[in-house]
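The repeat 'WD' annotation in TrEMBL covers B:19-57, B:71-103, B:115-156, B:160-191, B:210-251, B:315-349.
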Amino acid sequence: MTLGLINANPVVHAKRERVARTDDPHADDAVDPLDVFDSVRDIRDPEHPYSLEQLSVLSEESITVDEKLGRIQITFTPTVQHCSMAAVIGLCLRVKLMQSFPPHFKVDINVSPGSHAEEESVNKQLNDKERVAAALENPNLRQLVEECLYSSEL
Amino acid sequence: MSDVDLATGNSSLKEIHKLVGHTDRVWHLAWNPVSGSNGLPPTLASCSGDKTARIWQEGPSGSWDCMAVLEDAHNRTVRSCSWSPCGKLLATASFDATTAIWQHVGSDFECVATLEGHENEVKSVAWNPSGSLIATCSRDKSVWIWEIQPGNEFECVAVLQGHTQDVKMVQWHPNLDVLVSVSYDNSIKVWTEDGDLDDWHCVQTLAEASSGHSSTVWSLSFNSDGDRMVTCSDDLTIKVWDTSENPSQMFGEENGPWFHRCTLSGYHDRAVFSVNWSREGIIASGAADDAICLFHEAKDYLANGPSYKLILKKEKAHAMDVNSVQWNPKEPSILASASDDGTVKLWKLTAVPENVS
């Protein structure tokens, strides 16, 4: 799909230690940012054999949850400012959240402020549900997303 | 209407039917315009991410049943549907880049034509008031106008370029061959034909600078007279546009007649996907906040003209985003809504504000 890597030398960080949760996080209906982070931290970067967590694309702190209103907001930080993979990362996050949390949750996904050269247009595209639906019907994109989601055991 | 009570604000929107059958989100709805009279029961078409369209009809006992599933013509999402004015043909637009034409033959719907030409997803389809033309629009940024020829042949007579991003919806004026398109580029464009030459051009662009929307415009609807239209947007607002000060410019060369009348904001807190103007003058809106709002014109004229007021807000009208709201053209107290939750609902507005003189 790409002729050369967008970011050939990403900085790789250690994975954070997993918090052993004493209770089953899904025992009640409450969703918190750590639940969300746990569901997306192992998504593989579209370009590199590292997880989004290892590349510091996102963290627990970049996630907010409003349980009462049913809102999940994620901001992520592409590894480089002109990252053409931002749309794919956004799709991966959206698909993973759709699979992991009740369908009534409203999900907003944005790149963190200043992290992308085309910030406004990337954010608009990531949150246009018609474009998202069409992208997920594209076999090539769908396959790329599935690879990022399911080859997470690295 | 007689059972109307503005003074007490005594209106309610009651769910009367829930139509279950689609296996994915329902994107759009269209009432058959001739149904509900001449022995044809009220009939509604819906289309879905499950790649089908469904035809729903009211039975003799008042129940609603799915009378047909239109499948195998599209291999991706069916995004939009539109009946011909005679109610005999249904057009369905799909992410597979085609538009299918279905004919009601006996109890079945047969796909009698496929309109091909757009480069990618077709997002909306609309029949003109005389039934002679179809407009389609696409992610390829263009609007196509198709002429209906004898024998179910459809010929593209114009390709309208002007939008800089996906075109989300097209809609015809209720009694003139004036077409309006709305787009991801935040603008609304008005198109007319130059004489009889199949020479279509844009006569007006309503962008943010003309008090327009600041994000994707998702939908538009004309009032029954065609002298006003309403649009809704990802910017969370609904805008009413008016022609009353210069109606003769409808076919103008340079400046179309539309000007910004008012903006309704603060009613939905997520993207507004659908607006529809009833024959009785009530605007319905459906949004990503799962709610439906109804508005009517307030008669206490402000210095700058008429304004619109909220009649009611139906919170949690659906379990997920509301993608389409459509008033029944024959029975204007009946509203249909479609949602990401896969259902279609029929609502009855039990009392409406009267026109206070």
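Glycine residues also receive a Cβ, built from the backbone N, Cα and C atoms like all the rest.
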Take a look at B:19-57, B:71-103, B:160-191, B:315-349 and tell me which one has the most Cβ pairs under 8 Å to the repeat 'WD' (B:210-251).
B:160-191
Confidence summary for the repeat 'WD' (B:19-57), mean pLDDT rounded:
96
Go through B:19-57, B:71-103, B:160-191 and flag the stretch with the largest number of C-beta pairs under 8 Å relative to the repeat 'WD' (B:315-349).
B:19-57
May I ask for the residues of the chain that lie six or more residues beyond the repeat 'WD' (B:71-103) and have a Cβ under 8 Å from a Cβ within it?
24, 27-35, 40, 43, 45-49, 51-53, 55, 109-116, 118-127, 129-131, 134, 136, 138, 152, 154, 169
So how many of the residues in the repeat 'WD' (B:160-191) end up helix, strand or coil by DSSP?
0 helix, 17 strand, 15 coil
